[in-house]
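Quick look at what Swiss-Prot annotates:
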- C43-C83: disulfide bond (DISULFID)
- 1-27: signal peptide (SIGNAL)
Amino acid sequence: MVKDIIKTVTFSCMLAGSMFVTCHVCAAGSVVNITGNVQDNTCDVDINSRNFDVSLGSYDSRQFTAAGDTTPASVFHVGLTSCGSAVRAVKLTFTGTPDNQEAGLIQINSINGARGVGIQLLDKDKHELKINVPTTIALMPGTQTIAFYARLKATYLPVKAGNVDAVVNFVLDYQ
């Protein structure tokens with residue numbers, strides 16, 4: 001008798017489970033619409049803008065008399081070619097290691113590097129660009145050259161003399 005009850009219960013559960021699965025499958029009737037758009041809104045980075053050096057020059061550490069003092073800015077360019085007909089803007093982010101004293105600046109990497117200064121990046125109008133923070137730049141179809149500037153900025157005194165080395169990458173995110 002106990003065996004019969006167990007068999008019956010087991011069979012009933014399997015039957016009920018099969019009915020549930022069958023009904024669930026019968027009720028499924030979804031539609032997935034997939035849409036998209038192919039645009040011509042990107043550019044190629046000019047070969048001369050892929051790997052290059054920016055010289056900031058040589059300065060006496062004593063010329064920095066207060067935190068916030070800067071050197072003259074050195075211009076550099078990022079060239080974009082073959083910008084598509086739909087291009088309007090790009091979010092450009094300079095990425096690198098932020099300075100320990102002022103997070104918007106780039107940290108000097110050298111073991112024997114200068115101390116008390118960081119590298120500041122500026123846009124074409126010489127407004128500060130913070131490292132690792134995107135900035136939107138208007139673009140037009142075709143070829144264009146975007147000017148940027150780099151300079152040293154004192155973060156604390158006294159500034160210690162040494163080498164100035166840093167690696168910065170840039171990332172383009174088209175809008």
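A Cβ is built for glycine as well, from the same backbone N, Cα and C atoms used for every other residue.
Neighbour list (C43 (disulfide bond), Cβ cut-off 8 Å, at least 6 residues apart, same chain): L80, T81, S82, C83, G84, V87, V90, L139, Q144, L172, Y174. There are 21 other CB atoms within 10 A of the CB of C83 (disulfide bond), with all protein chains counted.
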